[in-house]
């Protein structure tokens with residue numbers, strides 16, 4: 001019998017000898033708040049209507065009203081009040097009778113989570129006073145008329161970021177009367193880069209508009225010799241995205257009391273953005289098979305991914321580095337933390353963090369794929385978030401690296417950051433979190449070595465400039481590229497750079513010495529090679545140039561190995577092998593062309609159409625080896641987006657997406673995607689076949705919601721062709 005009665009009662013949390021209350025780590029759960037909190041026995045005839053009580057609360061929460069305008073939250077597609085912390089907002093309370101301060105007393109209560117406590121910042125009583133102190137909770141009356149009072153309310157500049165429930169409490173001689181639970185008065189409180197006391201304060205208005213309020217960005221990809229760009233829709237203001245981002249913190253089980261701290265939020269978010277070890281948002285896949293999911297290249301923005309995760313609670317398939325970074329950027333900007341997406345060209349993925357990438361050559365001078373474990377990514381994307389770092393010495397605030405791509409574990413989970421960019425530049429890698437890993441990504445040396453017959457390791461070449469050659473982000477206020485390499489490292493070869501390296505080594509970055517191996521660099525012959533730019537499906541050539549600086553005749557036995565690679569630098573297969581003997585005259589240069597035919601590579605091509613060429617040459621007379629590697633990316637065809645007629649907010653407009661198949665084959669099972677924040681939610685269309693050289697036209701009708709300059713982004717995806725994009729800026733007129 002007792003069992004049945006127990007199950008009817010509300011399940012009590014299990015007892016825990018360590019804490020009086022269970023962890024309060026869900027923004028979604030609520031506690032019940034009594035509407036009448038009696039001080040003792042109520043006298044007969046007590047009627048709450050005889051006392052001051054609340055008839056209505058008006059929150060000024062429409063986009064055109066004062067709160068959302070002043071707090072820069074008018075773009076959020078949400079009917080609720082959204083304000084930023086440390087800045088006053090207004091509300092009007094209508095009572096049943098005029099409010100008399102000498103006899104009546106009322107206050108506001110903001111609650112968050114299931115177990116609100118005042119000392120944890122999850123229960124906030126706000127008394128009405130005479131003045132507001134900057135950056136501290138408080139309220140004052142700014143207008144009284146008939147039965148209404150208008151309040152200005154200040155929130156703390158360090159308060160929890162999330163969704164709060166509001167109650168108005170009135171004191172009577174017999175008890176406290178409260179308003180009923182009313183979800184329409186829920187208030188979202190976000191980070192405030194406009195407020196000087198906020199940890200994420202950013203002092204430049206143009207930068208705030210870009211890094212907090214811009215809902216479209218640019219991802220730079222390709223490789224160092226052939227930089228490509230594509231747009232990405234962050235969509236941080238779209239419907240339900242704010243709730244989805246708050247859910248991510250619940251999913252990561254971040255204690256509510258820690259949610260005012262951007263350092264903690266970034267750290268847990270970098271783990272929950274990827275699905276490794278916590279069923280996070282995006283499942284990574286780098287193996288070119290994307291069954292039961294969307295190919296990483298097909299996504300055009302973060303909104304679909306976040307909404308799918310929010311509704312299914314299951315990892316969304318599939319992502320690669322720019323997808324993790326795009327979703328992370330949406331999360332950060334949505335909560336009000338300034339953020340930008342970064343691309344590092346020739347990024348080191350160093351398996352044992354020793355600041356060197358080892359490429360082992362066999363006797364002929366070819367790379368030994370069995371021994372070589374490290375890889376150079378053509379590019380790698382991560383994010384930077386802007387915040388103070390009170391946990392570090394002065395000077396390490398500002399931009400912090402955070403990375404949601406699962407590469408290595410940190411404190412037992414796949415996450416990375418926040419690591420101070422300033423600390424990485426100066427080699428102060430002792431400061432948390434994960435600075436040594438990021439330092440290696442931008443600073444490692446590439447070392448080519450081979451085992452000699454007698455077992456000694458001979459280093460044939462050390463390349464100190466290959467890694468982290470270029471680090472970029474989108475420029476403020478435009479779609480162009482801004483180089484930020486100097487933020488991460490001093491000029492190659494400068495005194496400061498040496499010093500930063502010595503500092504990093506002193507703080508425990510492993511730098512293996514080359515004492516145990518012989519290194520005699522080759523000085524009298526230089527070798528370089530160039531890969532011709534080419535469009536997907538065409539032939540191209542690789543030109544290898546030797547410069548013999550000596551007075552001797554030399555013969556160079558040369559190998560070229562062409563590999564189809566993932567953008568992570570991991571080879572799929574070798575599609576081209578070519579060797580020849582080069583006769584080198586004294587004090588002269590000579591070039592040799594190697595032709596690459598489309599038939600040699602098309603059948604095996606991967607997503608990003610990336611090739612990696614290794615050229616090694618052995619000088620017969622001296623036995624010295626020259627080695628060099630370069631990546632190259634093919635030019636992809638593009639989609640054309642066109643609009644017809646007038647484009648006016650809240651009126652139907654039509655547009656077309658066009659594509660011509662450039663390949664010498666029919667494309668099958670083709671998916672097109674189109675999206676544009678404020679213009680249309682993502683649309684998809686499947687085409688079973690596109691014959692060679694034929695053009696497809698997709699017509700779309702939509703009703704744009706917001707006037708202003710907006711961007712449309714389209715992608716095409718099929719097994720034979722990925723990373724095909726198109727975009728168009730459109731000016732939507734006011735109705």
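Placement of Cβ uses the backbone N, Cα and C atoms for every residue, glycine included.
For residue 321 (active site), the Cβ neighbour count at a 10 Å cut-off comes to 27, with all displayed protein chains included. What TrEMBL lists as active site is 321 (among others).
For residue 380 (active site), the same-chain residues that are 6 or more apart in sequence and have a Cβ closer than 8 Å to its Cβ are 321, 343, 344, 347, 349, 405, 441. Taken from TrEMBL, the feature active site covers 380 (among others).
Annotation source TrEMBL lists active site at 403 (among others). Contacts of residue 403 (active site) defined by a Cβ separation under 8 A and a same-chain sequence distance of 6+ are given as 270, 324, 325, 382, 383, 415, 416, 417, 438, in order along the sequence.
The Cβ of residue 445 (Ca(2+) binding site) has 20 other Cβ atoms within 10 Å, all protein chains considered. Summarising the annotation, TrEMBL assigns Ca(2+) binding site to 443, 445, 492, 497.
Confidence for the domain 'Transglutaminase-like' (313-406), expressed as mean pLDDT, is 91. According to TrEMBL, the feature domain 'Transglutaminase-like' maps to 313-406.
The feature region 'Disordered' is assigned by TrEMBL to 1-31.
Residue 443 (Ca(2+) binding site) has a Cβ environment of 23 other Cβ atoms inside 10 Å. Annotated Ca(2+) site 443, 445, 492, 497; additional same-chain residues within 8 Å of its Cβ mean position, judged by their own Cβ, are 464, 465, 467, 468, 489, 493, 501.
Between the binding-site residues 492, 497, 497 has the most other Cβ atoms inside 10 Å of its own Cβ, all protein chains included.
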